[in-house]
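> For reference, the structure I am asking about is given below.
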Ligand SMILES: C[C@@](CO)(OP(=O)(O)O)[C@H](O)COP(=O)(O)OP(=O)(O)OC[C@H]1O[C@@H](n2ccc(N)nc2=O)[C@H](O)[C@@H]1O
Ligand SMILES: Nc1ncnc2c1ncn2[C@@H]1O[C@H](COP(=O)(O)OP(=O)(O)O)[C@@H](O)[C@H]1O
């Protein structure tokens, strides 16, 4: 069945955090094998895709972190649209507009989620009707985190992070994010981890059973003691000042404090929404970070927003 053509589609796509990030020794292709538990949180970028009457692909970026995002062919949203166009012989182009709320190079997969949003938007705009499994395949070519951003919720990531399977999680968790000035390069953080630990002693990556049972229980206190990030030491080695941010959150009563993925965003788990508000206020009043955000998780992955009702 054909879908009716649309002039424009907007897709909302979430940031991710890693509740557990176990990193093995580098593979021969340079990537590190992972056992990670991702969670999508309610901090979103919106990508609007609008049809063009030629085959060009363009991007504009607006919002909180727009100045930090490239608008040339290195933009992950452009790369996603181009890859879809090439792999499926699409003879149409697209103008992409990204409304950016997720910090850039912050360890929250902002670029990856824009790529995931673009795949969903162009699939609809170009009437390709690709199944989720086909989109997952294209997503994995774009980056290790992109397949998770398509599915969202809570999921286990294996391989280099691109092989995702859903994980059962009960209830809603309340997170606070301290967004740092400037970003950290993901390859630099992995390289720092390799520098810090003797490779012959590195165990294969494993998912913590305590983390999986904490998620099933839905208890923030159980989750707090099961959080883990093997990249944290490397991020702290490159940005030692993050230690003070983590400690500040704990001193204010956060149940747990952790670097988000490759950093430098720091995340804090609150007992409930009220404590999250208090913690966010304290962090905002400190001079320890550029910006503070609060968000719940888990939430779904990249989703088409309903078209605005025209009058
Ligand atoms: C660390 C994590 C944790 O979820 O995310 P961020 O915190 O940066 O968002 C991911 O592993 C990042 O995933 P992503 O940002 O998609 O990375 P990719 O584009 O696939 O790879 C960028 C580079 O990171 C390194 N890399 C990435 C994934 C992996 N499993 N091993 C690696 O060594 C490689 O140097 C690679 O060239
Ligand atoms: N659409 C995009 N949004 C954010 N960053 C992008 C985008 N496209 C390309 N980039 C580049 O990707 C790098 C990593 O960005 P991002 O995905 O936000 O970080 P992280 O890998 O830490 O989650 C940035 O330094 C930026 O130059």
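Using the three backbone atoms N, Cα and C, a Cβ is placed for every residue, glycine included.
Automatic, uncurated: that is what TrEMBL annotation is.
Pasting the relevant annotations from TrEMBL:
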ACT_SITE  16  active site
DOMAIN    75-152  domain 'GHMP kinase N-terminal'
BINDING   103, 104, 105, 106, 107, 108, 109, 110, 111, 112, 113  ATP binding site
ACT_SITE  145  active site
DOMAIN    212-284  domain 'GHMP kinase C-terminal'
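Just tell me what is around each of these and how deep it sits.
Note: residue 16 (active site) has non-local neighbours 38, 39, 40, 41, 108, 109, 112, 113, 145, 148, 149, 261, i.e. same-chain residues 6+ apart with C-beta under 8 A of its own C-beta.
Summarised as a single figure, the pLDDT of the domain 'GHMP kinase N-terminal' (75-152) averages 97.
All chains included, 32 other C-beta atoms sit within 10 angstroms of the C-beta of residue 109 (ATP binding site).
Per DSSP, the domain 'GHMP kinase C-terminal' (212-284) is made up of 42 helix, 11 strand, 20 coil.
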> Identify which of the following binding-site residues, namely 103, 105, 107, 111, 113, place a Cβ less than 6 Å away from any atom of ligand 1, and list them by sequence position.
107
> What same-chain residues, at least 6 away in sequence, bring their CB to under 8 Å of the CB of residue 107 (ATP binding site)?
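Non-local contacts for residue 107 (ATP binding site): 184, 186, 235, 259, 260, 261, 262, 263, 264, 265.
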> Just to confirm: which same-chain residues, 6+ apart in sequence, have a Cβ under 8 Å from the Cβ of residue 103 (ATP binding site)?
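In sequence order, the residues whose Cβ lies under 8 Å from that of residue 103 (ATP binding site) (at least 6 apart) are 64, 65, 110, 177, 179, 183, 265, 291.
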> From the recorded positions listed here (16, 103, 111, 113, 145), select those whose CB sits under 6 A from an atom of ligand 2.
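Close enough to ligand 2 are 111.
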> Can you check which residue among the binding-site residues 105, 113 has the largest number of Cβ atoms within 10 Å of its own?
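Result of the Cβ crowding comparison: 113.
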